[in-house]
Amino acid sequence: MPKQLYFNEEARRALKRGVDLVADAVKTTLGPRGRNVAIDKKFGSPTVTHDGVTVAKEIELKDPFENMGAQLLKEAATKTNDVAGDGTTTATVLAQAIVTEGLKVVAAGANAMLLKRGLDRGAEALVAAIKASAVPVRDRADIAHVATNSAADSEIGELIAEVMEKVGKDGVITVEESKGVTFEKEYTEGMQFDRGYISGYMVTNVERQEAELDEPYILITDKKISSIQEILPVLEKVLQVTKNFVIIAEDVDGEALATLVVNKLRGTINALAVKAPGFGDRRKAMLQDIAILTGGTVISEEIGRKLDSATIEDLGRARKVIATKDDTTIIEGRGDEAAIRARIEQIRAQIATTTSDFDREKLQERLAKLAGGVAVIKVGAATEPELKEKKHRVEDALSATRAAVEEGIVPGGGVALINAIPALDNVQVAHEDEKVGLQILRRALEEPLRILARNAGEDGSVIIANVRRLQEEKGDKTIGYNVLTGQYGSMIEQGIIDPVKVTRSAVQNAVSIAGMILTTEALITDIPEDKPAATPGAGGGMDF
């Protein structure tokens, strides 16, 4: 396939055209006074969104050279979203500002590689300054403020604060669509896993089709149980204490299942058999979690234990076990608190070291089941487009809140970026072009506040000058401009706060992508082929 090439200034200008097209569409959504963007879908109603990364992901340009610039900028937005879950519009605005100023000085003869080195050194200093100014999340009010800022909706902010308070910072919160028009919340207490009862005959509540056992003894094994002889010794010991007996195993079938069902129908034993959750190594880990939560032992041949060797001491205990045909919940396991805490710390350590997003998600779920709980936020709306837009905002706000709990918060409204600018004065560089890179960063860091003000119909330069003057007069670095009220004041006190993780990720990713664009000297793409005109079908235009 033949290629076409652009070099030097022509190449960089083509990239900039692509960057500008994406950034100009995305930055209209910045801030509480930002506008929505409607995205056409080939089928169904258009998507109306206030989310920067959703807008960026939809953009594909016809010109292949411009499209390269667009895709690079999308990478800055997407990476920020992946790491912090929010801040995509800020990253896009910063990257565009750096590219715009950088291309001017490169065209004037500056060395692009030295410029990039200055940008990279500056970014390191900025990230350190942003982290140093962090304030930990103190209470529910801080969480509500972070979520409200992200979603531009106080109802969503209060909802997320309430749910997070209930399940704890290690809890799992998922967002689903609801059939109604309002928000709904669902909580799951205890440990729930997605395996239900093996036989419908085990149901204790016919109306709700649930099997509910109080204070049961729980046998946990990774084996398949087919013969009743394997569990008869432990069954006889359990019956001396209680009738309530739960089996969590790879499977229970054949004679073993038939005997349990018959004896349940006779009233001899109230048995519940459930398949073990997960597969492979994950199943072993989850069974171990259940064992620690309930104070039992996993009976496994891997550790030299057979089912007929199980004793009462090997069985777990819980206040209640409830099973439906789809899932099982263990409420108030009687496990040792110290052992549960040790297991939680072990899972946290695994989360910190894993590189796989899938593994991290599964570990987070296990952690939530042991440590906190599971909550579902159901989003409702009158129409389909509004529902999707609302769900996006709830997901963004949730990500921003988690990021805030993790690394702390800084003043929002673009103030944290302006406050970080003096950190660039301490960066030592050897070459003049590196200093130019630092100068570009100084100008770019003001851009988010300029755009926030512009979206609110104000003059960005005047707002920035007033913010700096008031900060100096009052000796308060948290002072900024509230675009909703049109008033100056402490951003922290007004609840206008951003997570540190979001702010630093936006800076890092914007500098990374802008540096790549500024140091590009050639672009290569395929020459589009002219498609031959379609030939008319056989017998076209003839009468028969």
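The backbone N, Cα and C atoms fix where each Cβ goes, glycine too.
If you check Swiss-Prot, you get these features:
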BINDING   THR29, LEU30, GLY31, PRO32, ASP86, GLY87, THR88, THR89, THR90, GLY413, ASN482, VAL483, LEU484, ASP498  ATP binding site
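Recorded features from Swiss-Prot, shown on the structure.
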residue : record           : Cβ within 10 Å
THR29   : ATP binding site : 23
GLY31   : ATP binding site : 26
ASP86   : ATP binding site : 34
THR88   : ATP binding site : 31
THR90   : ATP binding site : 30
ASN482  : ATP binding site : 18
LEU484  : ATP binding site : 13
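Mapped onto three states, the DSSP output places ASN482 (ATP binding site) in strand.
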